[in-house]
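Here is what TrEMBL records for this protein:
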type: BINDING; residues: C83, C88, H165, H170; note: Zn(2+) binding site
Amino acid sequence: MALNGFLEFFQREKTFRPKKRFTQGTIRYSLHKQANASLQSGINLKEVVKLPAGENMNDWLAVHVVDFFNRINLIYGTISEYCNETTCPTMSGGAKYEYLWADGETYKKPVQLPAPRYIELLMDWVENQINNETLFPVSTDVPFPKTFPSLCKKILTRLFRVFVHVYIHHFDRIFSIGAEAHVNTCYKHFYYFVTEFDLMSAKELEPLAVMTSQMCKD
């Protein structure tokens, strides 16, 4: 699959929710464009994720967290009509893995939820984080909070769970609409990014470990 096709697929407007966009003229907008240009050039995905010389790691993290949020929203949007309380009564990845939801506010203790409700709450939570300018500052005059890297780890760990659910329970739908190569490329990009910067534990990555070992050989 050409990476050009990958970018065209992920520039579609049919998303699970509206895309988060970067403000033109900002450093993050420039990094976003630079990252997409690298993808378009067909460069090895393991190289694409590396921090560009002279750039700030937190800016690079912010750009990728938002981009992955947008792309995973689109992926879930393509199968969301097939993911309901009847087909997916729990947020799971097969019989071995189940995720419980807790946000420390409305859900103070982990609770079992149907997959679509879990994913809706997860996306709401991520959206609230990235729209909070004290957590994801828009201006370079405003410093990132010290907790920013750990927040990004938490966001990416939770977004990964959507990959787990989609791959294990809905990949037939992804395949039937011809999106398999696009989703696989997005997953590889995500995987190389989180492993390049040690943003997820091996335990969290375990549900897709066998698939990953076959897919991520470049």
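Even glycines carry a Cβ here, placed using N, Cα and C.
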Those binding-site residues listed as H165, H170, and which of them has the most Cβ atoms within 10 Å of its own Cβ: H165
Under 8 Å by Cβ from C83 (Zn(2+) binding site), same chain, sequence gap 6 or more: Y76, A115, P116, I119, H165, H169, H170
All-chain count of other Cβ atoms within 10 Å of C88 (Zn(2+) binding site): 19
Chain-mates of C83, C88, H165, H170 with C-beta within 8 Å of site centroid, Zn(2+): I79, Y82, T87, A115, P116, I119, V166, H169
